[in-house]
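Report on the structure given below.
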Amino acid sequence: MNLDHSYATHLGDLGALTKPLRVANPQLVEVNHTLRDALQLPASWFTQSSIMSMLFGNTSSFTTHSFAQKYGGHQFGGWNPDLGDGRGVLLGEAKDKFGKSWDLHLKGAGPTPYSRFADGRAVLRSTLREYLASEALHHMGIPTSRALCLITSDEPVYREKQEKAAMMIRVSQSHIRFGHFEYFYHNGELDKLKRLFDYCFEHHFSACLHSESPHLAMLEKIVTDTATLIAKWQAYGFNHGVMNTDNMSIHGITFDFGPYAFLDDFNPKFVCNHSDHRGRYAFEQQPSVGLWNLNALAHAFTPYLSVEQIKGALSQYEASLMAEFSQLMRQKLGLYENTQNTAELVNRWLDLIYQDKRDYHISFRLLCEVDEHGENQPLVDHFIQRDTAKTWLEHYQNALITQGVKRQERQANMRNINPEYVLRNYQAQLAIDAAQNGDFSRFRKLLHVLQHPFESKPEYAEFAKPPPNWGKHMEISCSS
């Protein structure tokens, strides 16, 4: 079996052929077998000897077309044209059983022409975090890139301190970012911009070609997909942390994991990135940043669309986001009617857990056990403001009774949308600490529960607990 190389073949001057550089003592330590099988990749590839030969062998044809892509991006609101794949290469594309194409991208591959004097490596810490987060989001139903396999090494790399290098093969529909379009537009390379659009229409947005204005249809698709994604982030309490436009995928998926976090206590102003001193990418700011980023992308459509067309496409963002968010929040509360009363119940519930600084995920999981005819003491005892909680609960119970859905059915549905297990940063750190000492057992155990987030099992109770005080609201470094 061979990979396809459509991007490198058709857009070879939009980047550079770059072979991966071997790390010291590479070891294949984890393979995502389910994803491997979905991509119809041979199991024989994913052995220690085979994958090392394919990635680093002097005569390997596997990396003949490995490719570093060039792009720019708005970083914390400022334009930076000097970006690109600085630590990874596109290996090629594999097709699943439905004929859909998926990029295979090697992260931590070593220096590229876009490394900006850096070593081109990824550290074990950040690689494990991306592996865990992408699997956690995928199994919650949130669109995301995914991790195919993990390779460790003994090679030292230097960030805030000395760490070990690692590699990961990432899978995504493509690795085309908002910043690809921005770069060629702002650089005045309109021929390359046109070829990038043509490539996207052929390989990723073919349905748009049937529209009167394919470029408008493409922009509208990116707008609504991005809105839907960010609505899911908000509903599931996920803070990306570094929503620069070079970290935004044209497919509306979670992409480029850095200093992310799932919420602990519900705090809309939470900032997970310790470099984000002004809170630009705070949890509550994500919807507005999403629109800002889409507006930045839309400039690249101006050679093809009028200002009115672009404004019309961008105007769909808020309605798409709110429709998805409202539906998800109703489902999380087990409410099926889209009424003003339902919206008020959702807002008052969020205000209640915010005022009492309750854990976002545990609060929703407790809500799954509510009996519309019972006292529900465990839920009441969960709050400091018990009288306020009781008042809200009475209104909630009345709404449940009015809609008439059987309790067992409602509770089952709620348990399938409110996860028992989410990726807490402190749990990730415990797994990282063990892995850095050669023990991947905690990483694998954590990975297993994140791949089954809605299935409560007594033997995994430690992963459902709220974080200890030292593990709350951890701010994470961008260094990777």
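Glycine residues also receive a Cβ, built from the backbone N, Cα and C atoms like all the rest.
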Binding-site annotation, Swiss-Prot, ATP: partner of GLY84, GLY86, ARG87, ASP119, GLY120, ARG170, ARG177, ASP256 in LYS97, LYS100, LYS107, LYS161: LYS107
Spatial neighbours of ASN247 (Mg(2+) binding site) among the binding-site residues ARG87, ASP119, ARG170, ASP256 [C-alpha, 10 Å]: ASP256
Where ASP256 (ATP binding site) sits in the secondary structure, as DSSP reduces it to three classes: coil
Number of other Cβ atoms within 10 Å of the Cβ of ASP256 (ATP binding site) across all protein chains: 20
Recorded ATP binding residues, GLY84, GLY86, ARG87, LYS107, ASP119, GLY120, ARG170, ARG177, ASP256 - maximal Cα separation rounded to whole Å: 23
